[in-house]
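Visitor: Structure in structure tokens, see below.
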């Protein structure tokens, strides 16, 4: 399937204009920054603050915004109209996801700066954040595709929020309840591992394992979202 | 031998011409949703430049057929071709450039202006900037270009949707109930635009349950009922086929007659005419609505 950057950019610009005029949704951009100020006032050394901030922001900003954008297009029948133009599935998905990607990257960077977090390895941190944004965008796409309205989309994010942001906390219980060990394989838990690396004393394995697990989640959820997107737009 | 080769050559030329001329070909198409057949064994073809009306009550299968022809659905069985290619190929970007579609649930971006909506379509179809001005003039909305879509009346919104469907000047235009819920003035605007497009060569596939609209617009119509085509032909032909062989005569003295066409009736009319008694005389022609009721035994919904 071909990709036209021109068409993807046209969809990006359209989404930007729509999003910036939709105050009910665009207000979510403020929350991560607000959280960052709150945590900073509690002291930058607050344990788990950066992990909680980033994981929560990825759900309430990235996934929620994407789910609402997709659901609104479905609710107003514009998604089908868009698919009957020469824009391909990938043009539409890339165009729609780009806005959420850019917004998430900027807001997360600002929030991290406000909190005063300094990553041990900036390259690893950047890679993990980029993969996480893609992953949570895909999760948002899936939620949006299963929702008929924006309201449904906002509610469908709740399980994602519960599972993904709760996983790092649940994984702590793995010593007493081995079944919780599985939560350690969630991308949010792996992100927390990466964020917790010290300036010294970590091996390549300490970096690669979490990155690969996050990458695997990203690939799987992205493929699922594309396949679902194609199938949900058919009336079979 | 030479003669037979010659006829074979002529046949090949003719077959090619016929194929080229037919924009849509549907052969024995069936579409089932579970145990229910939305379309059952539907066959017809549409030549280039025609306005073809697909008529039927709500739920007759009209929208299903448009979805098959625009590759949004696959038929359960049978063949559907558009531009002489399997309809599934209409998913390809190059093919999507060739047709436009306006459905009764086409959407617009409410927070964007008329111009911004059209700009999006212009970019998706990779058209020059002038295309927006041209289409705005065409749908008579140049003065409303800066207005947000959520502030427009239903008629204006429908015209914006039509503009989105035709901005790329498609060879084939699918219209699914284009004037449903529009007042006569807005409907007339749309009809005028469609006729102009058709004169420029656009083939139009129109589904409607409005028989008057079909009669006004279409070169040929097919009446679909319970997933099957009941009758197909030009409105004139259909009316001729289904007309009552009778004339109705109103006399100046208030008497009215419905008389069978024939020599005896001709004599009586001639006599009334000589005596100056004829007030009104007309043939009894059915409307498309009458034909629909006759063919299906159902009232339109």
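Even glycines carry a Cβ here, placed using N, Cα and C.
These numbers come from a predicted model, not from an experiment.
So TrEMBL lists the following for this protein:
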TRANSMEM  A:21-39  transmembrane segment
TRANSMEM  A:45-71  transmembrane segment
TRANSMEM  A:92-116  transmembrane segment
TRANSMEM  A:122-146  transmembrane segment
TRANSMEM  A:153-174  transmembrane segment
TRANSMEM  A:211-230  transmembrane segment
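What's the neighbourhood like for each of these?
Guide: Note on the transmembrane segment (A:45-71): residues 15, 19, 25, 28-29, 31-32, 35-36, 39, 79, 96-97, 99-100, 103-104, 107-108, 111-112, 115, 117, 129, 132-133, 136-137, 139-141, 143-145, 147-150, 152-154, 156-157, 160-161, 164-165, 168, 188, 191-192, 195-196 of its chain, located 6 or more positions outside it, place their CB under 8 angstroms from a CB of the stretch.
The list of residues near the transmembrane segment (A:92-116) in space but at least 6 beyond its ends in sequence, with Cβ under 8 angstroms from a Cβ of it, reads 3, 7-12, 14-16, 19, 29, 32-33, 35-37, 39-40, 44, 49-50, 53-54, 57-58, 61-62, 65-66, 69-70, 73, 79, 82-83, 129-130, 133-134, 136-137, 140-141, 225-226, 229.
For the transmembrane segment (A:122-146), the residues of the chain that approach it from at least six positions outside its boundaries are 54, 58-59, 62-71, 74, 93, 96-97, 100-101, 104-105, 108, 153, 156-157, 160, 164, 187, 190-191, 194-195, 197, 207, 210-211, 214-215, 217-218, 221-222, 224-225, 228-229, 232, judged by C-beta separation under 8 angstroms.
Residues 89-90, 93, 124, 127-128, 131-132, 134-135, 138-139, 141-142, 145, 185-187, 190-191, 194 of the same chain lie 6 or more positions beyond the ends of the transmembrane segment (A:211-230) yet place their CB under 8 Å from a CB of it.
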